[in-house]
Amino acid sequence: LQLAPMMEYTDRHFRHAVRLITGKTLLYTEMVAANAMSRERNDSMEEYSSSISPPPSEKEIRENYSDQYLQRYLGQGQVQPLEGPSVLQLGGSEPNQLYQAAQTVMDMTERGWCDYTAINLNCGCPSPKVAGKGSFGAALMDDPKLVSELTTAIHDGCDGKLPVTVKCRIGTDTHTEPFSKDGYAEIDPQVEYSRLCKFIEQVASNSPVTDFSVHARIAVLRKSFSPADNRKIPPLKYNFVHRLVEDFPELTFTLNGGIDTLSQVQEQLEACPSLNGVMVGRGFAADPWGFSMADKLLYKSSSIDDGTIIVPKNRLELLTEYGKHADKEEESGDPVKIRRFITKAVMTLFTAEPNGKRYRIALDEVA
């Protein structure tokens, strides 16, 4: 089971709440823009360098520049249970920016602010701000050569110490413009699948990437198509991801798209046992407690690798443990600014339950 990257949802507070619910689920961050991270790092390094005489070495600069602003991009929860298996997702289309972003991750890891287990390149977001103006996200699927360069830059930036993965779609509407459901239905599925295979082959052959998370829909890149439209209108083609598992046994694949419940996760794993995992996004955000049995049902265990039982028995226990995270966060930041983010992470904990509305109103008052 994997928590999908979602902007304005999968921040460190929500990830900590999910980790309290399931100790084994792989967590993804929100997408972090590589250009913003590299700019912050360069400004901080330049500021430190200009304040020291004689000029410090590059090693000294990397060890001492201010990381105050970078913590907001890369910080993880600082109380037990720690985040554990988690993936930082980066967005960008400039190799040098992604190289510098990966270096920043290593700097922050050395300082103890984060401990990610992999870095993922976003090749699946269809948002006009990302795939349009930003020319990255799902738009990168049309340029596998560039994707290879970007992932190699990330690999080099983290000195090969972290795996580099890709999250993508099964394709884009580049070959079907203007997109319509009827027009799309007329496309030969084999031709469409062949394009997807070409993307996978080129990226895997020319970069360190061996792991792909695939949203089983195409991305429609025209401006009039919203991210919500892209999550609902293009039909799901799970069989494409299942076929990738069979056709590329040397690679690993995770299925994403339209999976909202734990039972649906089980169905996909039963239908294709060789899947590396199943990724859930909106379902987690809408009803996180609905996945409270994930460890027992999927992993036959409610403990993490060292045997420590971390899954609360009920939501009161969860909130009690989450309160420790909230206290720590408020100690290190401005409570007025951070509290609404802390409460948002547990806002849907009582979805569809009696008095759930009263609970949300109470949290609003706290925030």
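Note: Cβ is positioned from N, Cα and C throughout, glycine not excepted.
Record features (TrEMBL):
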type	residues	note
DOMAIN	3-359	domain 'DUS-like FMN-binding'
BINDING	P5, M6, M7, Q89, K167, H215, N256, G257, G258, G281, R282	FMN binding site
REGION	39-60	region 'Disordered'
ACT_SITE	C125	active site, proton donor
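Residues within less than 8 Å, Cβ to Cβ, of P5 (FMN binding site) and separated from it by at least 6 positions along the same chain comprise Y28, T29, E30, M31, V87, Q89, N120, N122, K167, G281. In this view, N256 (FMN binding site) is surrounded by 24 other Cβ atoms within 10 Å of its Cβ, with every protein chain counted. Taking Cβ pairs closer than 8 Å, the region 'Disordered' (39-60) reaches residues 66-67, 69-70, 73, 100, 103-104, 107 in its own chain, all 6 or more past its ends. Our reading of the FMN binding annotation (P5, M6, M7, Q89, K167, H215, N256, G257, G258, G281, R282) yields a largest Cα to Cα distance of 20 angstrom.
Figure note: comparing Cβ neighbours within 10 Å for the recorded positions M7, C125, the maximum is reached by C125. Cβ neighbours within 10 Å of K167 (FMN binding site), excluding its own Cβ and spanning all shown chains: 26. Here the binding-site residues are G258, R282; the one with the fewest Cβ atoms within 10 Å of its Cβ is R282.
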